[in-house]
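What follows is a single structure, written as structure tokens, with notes after it.
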Amino acid sequence: MPRFLSRDESWRFCDYLDKHIPWTRPTIRVFGRTCLQPRDTCYIADAGLTELVYSGYQPHAYSWDDYPLLKEILEAVHNALPGSKFNSLLLNRYKGGNDYVGWHSDDEKLYGSTPEIASVSFGCEREFFLKKKPSKNSQARRPDDEPVRKRSKMGGDADQHTFVLKHGSLLVMRGYTQRDWIHSVPKRAKAEGLRINLTFRRIIS
């Protein structure tokens, strides 16, 4: 949904998130190596949920009540996706084109076998790549080592798709997306502006 929120409303949210969220850039462990995560992050969740851990990092879970505007965005997402019941939120801030997220899938067990993830983007538009996981029988390189061919704004072949996530847009991943696909937001030298992305999730275990 490229026009999920109006332009003015989206800038209001973006400015608030940039200035008021307690951003941190944690140290994570990827493929046996320790490194600084290439983007800022923050985590919000209902009380009493299973704790999130990824790449050896366990973020502190802040309360929705601490950031009322996040509850406003959550309500808008729920209105757009009837039946959805998100109870956690992972926020990421990309300060420029050198900030990125490598190939991965959000297949942690706490989200269940068919997780739904609603991704809302603010600020500088960035490309979002979605690629089929290699079959178990194929000899594949590590996901973060694979080059990505540049494609049209919304296209690709059957095994790869590209979406340009615009200011105020909403992207939804459902079903077996996390089981069968990996996704990334690659580095882009020309992407000089700030981007903030919110991924709403439901923890079920």
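Placement of Cβ uses the backbone N, Cα and C atoms for every residue, glycine included.
Annotated in TrEMBL:
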type     : residues                               : note
BINDING  : F31, G32, R33, D107                    : substrate binding site
DOMAIN   : 85-204                                 : domain 'Fe2OG dioxygenase'
BINDING  : N92, Y94, H104, H183, R195, T199, R201 : 2-oxoglutarate binding site
REGION   : 133-157                                : region 'Disordered'
COMPBIAS : 141-157                                : compositional bias 'Basic and acidic residues'
Fewest Cβ neighbours within 10 Å, where candidates are the binding-site residues F31, T199: F31
DSSP residue counts for the domain 'Fe2OG dioxygenase' (85-204), split into helix, strand and coil: 10 helix, 49 strand, 61 coil
Binding-site residues: H104, H183, R195, R201 - member with fewest neighbouring CB atoms within 10 Å: H104
For the domain 'Fe2OG dioxygenase' (85-204), the mean pLDDT of the predicted model: 86
Shortest C-alpha distance to H183 (2-oxoglutarate binding site) - which of the binding-site residues F31, R33, D107: D107
Entry from the binding-site residues list G32, N92, Y94 having the most other CB atoms no farther than 10 A: Y94
Those binding-site residues listed as R33, D107, and which of them has the most Cβ atoms within 10 Å of its own Cβ: D107
Cα distance (Å, whole number) from F31 (substrate binding site) to R195 (2-oxoglutarate binding site): 26
Distance, N92 (2-oxoglutarate binding site) to G32 (substrate binding site) (CA atoms, angstrom): 23
Largest inter-residue Cα distance among F31, G32, R33, D107 [record-listed substrate binders, Å]: 21
